[in-house]
Amino acid sequence: MDLHRARQRRCRPSLLYWSNSGDNRSLKKLRFFVVCAIPDAKPLCIFAGIALIHERSFLTVEWLSAPENRLPIGRYAKEAIDWLTGNLAFFFDWLSFIFQSVINALLYVLQAPHPLIIVAIVTALSAWTRRSAGMPIFTALGLLLIINLGYWKATTETLALVIAASAVCMIIGIPLGILAARRKWIYAGMRPALDLMQTIPTFVYLIPALVLFGLGMVPGLIATVIFAIPAPVRLTRLGIVSTPPALVEAAVAFGATPSQVLRKVELPFAAPQIMAGLTQTIMLSLSMVVISALVGANGLGVPVVRALNTVNIAMGFEAGLCIVILAIVLDRLFRLPGTEDDL
């Protein structure tokens, strides 16, 4: 009996009723009576709201898709790009000059010496970082194969673009990752932008890069940076926030300042994550090689695009093999020792 009375007090009868004084007869049919037999009326209310929205003529699909009701998002984006082109053209010209100068300097360093000298230097670096025989042998044979196939010049152009893009990503990404680790609200604002950079189709932001910087290596560099920069930001933040609190507390107890804690405790602990961000940036940059070739960037993407247009299987396979060799060499070269096998 007490249980029955408690249920009656908890489930008081309520009435949900919609009426309309106009001519809409469908609204007059929407009468819902919620009695004690229904302890939770939320699903019924949701269903009633859906039915009401369905009946209202001003919220139909036809109204939403009407041309006069369409939001001019694309027009706003075009107006923003036009404003940047008209008012900040000098800034983008200066930025394009800086990036092109860096790429030209890298090309001179990679192309001026004899190719065998570059092969010897890269092989020596591989032997010094890996401390094993497998990776240096693979590096030497892979680079010699690239020379034999006749893609050495294109490989150096791709390597210059990848190095420049990776450097820009790390210079910008590491401070942003540290800032995101220090302030949660800043990272909360960064996350949608980082997700957008990695999910939006590359051709979408390649169009404004082409308008602002013109044809050549620079728009390919900008598109590569936009696509690859979320990796160092996220992994740097992950490494900083993963630092054991006991280490930070011990450093503070010994009188370390916040900058000393960052430089001597958090950054050394986060070094594996930061290097993982570097290798991810390099791989993402290499994945943009073909896309960059569509806007005039030289490199291994040019023969791939040419092979695609002419259905040349041999050329496409050889250029793709060169990209794979370059990716493996760079990935193993910049990984920390002890994080993978010898090769």
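The backbone N, Cα and C atoms fix where each Cβ goes, and this holds for glycine too.
What TrEMBL records for 155-334 is domain 'ABC transmembrane type-1'. According to TrEMBL, the feature transmembrane segment maps to 80-99, 105-128, 135-152, 158-181, 202-229, 274-295, 307-330.
Segment contact is absent for the transmembrane segment (307-330) and the transmembrane segment (202-229), given fewer than three CB pairs below 8 angstroms at sequence separation of 6 or more. Counting residues 6+ beyond its ends, the transmembrane segment (274-295) has Cβ neighbours under 8 Å at 158, 161-162, 165-166, 169-170, 173-174, 177, 202-203, 206, 209-210, 215-217, 219-221, 223-224, 227-229, 231-236, 239, 267, 301-302, 304-305, 323, 326-327, 330-331, 334-336 in the same chain. Counting same-chain residues at least six beyond the ends of the transmembrane segment (135-152), those with a Cβ under 8 angstroms from any Cβ of the stretch are 115, 118-119, 122-124, 126-127, 300, 303, 318-319, 321-322, 325-326, 328-329, 332-333, 342-343.
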